[in-house]
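Peer 1: One structure, as structure tokens, below. Some questions next.
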């Protein structure tokens, strides 16, 4: 069979049409495409495709596919690529013969040898377009025809071009997919337009000026929120996936590190192995301006610096803390402190003094419970009733991480008091920051924020007290105990303090760490006893458990009202009187009691004074709390003895208790009087507070009734040690050695209903009566204890 001279008539069997691939250049392939269809209809070709020869079978099949006219040029190029590579061992020579007649017969098929292909590939790498001379020389060397060499180079160049086109097509396809995806994104964005300023959905039409400002502010806050993540991750110790679950408003970035040593607590590793529900709510009783974005940024920076300073002061001993020769107290080395720390709230104001103290103690409470108490303003005030007159949480910067107080930051206002009319209440606005340093190890730090508000342009007021980084580090111990290290560091204006109390405050005893730890130990011991199922020895078993709780709640309210009357805190609205017939050191105040079920209605008069007595605090306390000696100082008892009819212990010390006393007077009027009395004592001082109560009302309370409706007005005494700088005399021990006698600072306070009508006016006689009462009481105490006038 002849195909217009395209096929050779070389003898031999085999694949008759195979020589088309090897001998016909690609320029003539188009003309041969139409004829390729008839090749597969010939019986000889069909038989050739079914030959068992492994070498010929694969090529025959590929050739049949590539010469299908419906495929086009790309199929032909693929066929050439499969037959013309450097590894092509199926190449054929150009001397194959065509079938001369219709009878199929085998064709002789010549392959390029591997040596020929290697030589061709080597020359192709050097010269892809050889000239006639080079092709002739190569054909002679390889024993090939010049036409075969020419076609091989044409096919090899076409193969190379095909590979490049495929690569370019792949790149173009990827670019096309990318453009298609961008197109889809643009179409989606056009369906849901977003404002570029605020990030919110765009609204077609004109926006009001106010709404534009709101959107811009929203965008600014979002940017500030992003800045918070980095800083929050730093001080919380791990990255945050979403700030909304941990920190409420936006805060700034910071590069301050909290770690002290390898474990975050440095040298304290031997003893401290470191590894939003605010019960009191946010009170608006105080004129505290809410923080803006700039202030919040500074607050977070301040919290980190204060926590670093607290931890260092808690774990560093000498030379930062030096043991005092008198009393063994720790005294802060101010030179070393200035070298170690940069003032985080600015330079100390002119005329201010510094008091600093540190105390460590073991407390019957675990770290989590103590942290919750400190971070809740109401529970904090209940834990330290004689030290905190009033407190509130004014703002919450962060509520903590994962439902815990770790990382919690809040702004607070507090009125701290020392029970004496000669010491003014310390009002402080401060930041409180809580952080967990390891399992069972927490730290809570306070630091004043008044200086920051001055720099941020907020309204300022005169500050009489600044709280430098102060607080406690708590570590869990076995059996539910905790080891508490407390640090107090304050700067204050001494000009408002009476000279009698100045040595006490400057030494750090009045508002110092010892008093905080002692009060905490006493209160936790009381809570442990109340939660215990066993009744302490000495308690009256006739009082039910609910009755005990009611009496203790009533006593707590009584002591709180007593403290408010002594220090003139803002718990009650007191009006100070400047009467000429009142002693200089006696402060007299009045207030109206209206619609208060816990007090009798009318005009309440409060009088308080403080004196120094050359007797020890323990002796003075034992004398005042003893009901058998009450007639020696209580002029209202008319000389009659008192009897204890109920006793509820509040601690291991017998002096920490709540008692109910009854007069043993002869006449019936006096026999109907009951006195509720609470006494407590710790290393920081002692209290004796009492109030007359009605018998029917107390019977209800002792049976577990509500104590809120029991009307009472408290009076009593506060006793604190006078400190090392005592003004007392010196005595000799017989060997010629003299020492100073330890004394006590006694505060006497009375609250009396002078008129049952709230609208009545206070008379001079009432003021004189209260003044005489307080003077006579002090004189009787001095006489009973044989103190010099």
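Cβ atoms are placed via backbone N, Cα and C, with glycine included.
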Peer 1: Of the ranges 105-164, 165-224, which one does TrEMBL flag as DNA-binding region?
Peer 2: 105-164
Peer 1: Going by DSSP, how much of the DNA-binding region (105-164) is helix, how much is strand and how much is coil, in residues?
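Peer 2: Split by secondary structure, the DNA-binding region (105-164) comes out as 43 helix, 1 strand, 16 coil.
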Peer 1: Looking only at the DNA-binding region (105-164), what is the mean pLDDT?
Peer 2: 85
